[in-house]
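Feature annotations, courtesy of Swiss-Prot:
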| type | residues | note |
| --- | --- | --- |
| SIGNAL | 1-19 | signal peptide |
| DOMAIN | 46-161 | domain 'C-type lectin' |
| CARBOHYD | 61 | N-linked glycosylation site |
| DISULFID | 83-160 | disulfide bond |
| CARBOHYD | 122 | N-linked glycosylation site |
| DISULFID | 138-152 | disulfide bond |
């Protein structure tokens, strides 16, 4: 949308630089100004709609991160590729409310899903006896949001994490 606005400004600049020989009444200039104003209004509406959805989603799950599933069942490497192609990430809850939002998706689908735990994580939600490196190098969350060590070859629910930078 910003590209369209910039294009409109560029056309307006070119028109002004070339003079008014081809548009002595200013109709073309007025038309460009009207089109630019229309694009600005549309951009403001889209931005407002986006922010409304963002705020509603954040309010609804208590997290500014959005956890979404495509309902596929895949292993860790396939999940990584799917999330990357979708513009998201493998879930990595950093706070309790983020883990709860993630767990809500798992509970709704009655499935487990992979997550990534950073080395410097301030928040963890390991189940009793975990982490258990013997169980595998990956981590999964159960439907209650508890974390368990698991094999990276297990086929689990595909859930990707998306977050907004405002």
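Residue 1 is the first one shown; counting continues down the chain.
In case you wondered, yes, glycine gets a Cβ from its N, Cα and C as well.
Location within the structure of each feature annotated in Swiss-Prot.
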{"residue": "83", "record": "disulfide bond", "Cβ neighbours (10 Å)": "21"}
{"residue": "122", "record": "N-linked glycosylation site", "Cβ neighbours (10 Å)": "7"}
{"residue": "138", "record": "disulfide bond", "Cβ neighbours (10 Å)": "22"}
{"residue": "152", "record": "disulfide bond", "Cβ neighbours (10 Å)": "15"}
{"residue": "160", "record": "disulfide bond", "Cβ neighbours (10 Å)": "22"}
Please list the DSSP helix, strand and coil residue counts for the domain 'C-type lectin' (46-161). 43 helix, 29 strand, 44 coil
Residue from 83, 138, 152, 160 whose C-alpha is spatially nearest that of residue 122 (N-linked glycosylation site), among the disulfide-bonded residues: 138
